[in-house]
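According to Swiss-Prot, the features are:
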type	residues	note
BINDING	Gly8, Leu9, Ser10, Gly11, Ser12, Gly13, Lys14, Ser15	ATP binding site
BINDING	Asp57, Thr58, Arg59, Ser60	GTP binding site
Amino acid sequence: MQLVIVTGLSGSGKSIVLKMLEDSGYYCIDNLPATLLPQASEHLSQGNHQRVAISIDTRSASLEALPGNIRKLKDEGIEVQVLFLEANVETLVKRYSETRRRHPLSSDTSTLAESISHERHMLEPLVDLGLRIDTSSLSANALRNWVKEFVTQKNGELILLFSSFGFKHGIPLDADYVFDVRCLPNPYYDPALRPQTGQDKPVCAFLEAHDSVQNMYDDIRGFIERWLPNFIADNRSYLTVAIGCTGGQHRSVYLAERLAAHFRRQEYRVLVRHRSLETN
């Protein structure tokens, strides 16, 4: 049985993800208490459900039981994948204001921002259970596409995720490492290159003509190659490397694509995401 556990902050998109998984043929359960996960998994596996998605959030009692229960399920041979969704405070406040919904931890004595902060603290032990996705600048469609690719990945070795972004949109919350490449020559100032991206050959040619770009690439690649074995030895499922330029269109995209291609050739499991391009 393949089991996808969806957790994270309220308002970060868990309902969107669960609906997408349901439309993709998963048997879905919303807001299952964490303590009931082993019993639910046993019952569902006996019922010949091959693909199951379960949402668990702060409304669930005994969240602290979740990490241990996930380890037990993996030991029993169940393929478990965990998605942790989050967003920055400004985005969550805006979403709640637009929908006029009440935060599950809200009270007469706390503000919405305080409720969000309290929930983030409660969920802190779950952050590193699987793949973190910062949905702050993601459209619903982009989130669906990210999750679709995630659930098609088989459990096993660490997955290396390269994510380009624009600093003007904010640093993504889900990054393990952030590299700032704004010091590199900027194709934006060439009118012919401005509407293109770091995936286009003219932009690649422009960047490859500068030694500083090659040096930056070599340094980032060398850093990852040096420390990646340590993350693998630590049994990490994912390592997210974020590369940022000003707008997330040219330099960061080029380097993310080039690094992803290099590590694929080394036979690592690699995903690549372009936050600003997918937002636009």
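Cβ atoms here come from the backbone N, Cα and C positions, even for glycine.
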Cβ-Cβ distance under 8 Å to Gly11 (ATP binding site), same chain, at least six residues away: Ala87, Leu92, Arg95, Tyr96, Arg101, His103, Ile116
Winner by Cβ contact number (other Cβ atoms within 10 Å) across the binding-site residues Lys14, Arg59: Lys14
Spatial neighbour of Ser15 (ATP binding site) that is closest, considering only the binding-site residues Asp57, Thr58, Arg59 and their CA atoms: Asp57
Additional residues surrounding ATP, by Cβ distance to the Gly8, Leu9, Ser10, Gly11, Ser12, Gly13, Lys14, Ser15 centre under 8 Å: Asp57, Leu85, Glu86, Ala87, Thr135
In the chain carrying Gly13 (ATP binding site), residues 6 or more apart in sequence that have Cβ under 8 angstroms from it: Leu85, Ala87, Thr135, Leu138, Ala140, Leu143
Thr58 (GTP binding site): tally of other CB atoms within 10 A of its CB: 21
From Asp57, Thr58, Arg59, the binding-site residues whose CA lies within 10 Å of that of Lys14 (ATP binding site): Asp57
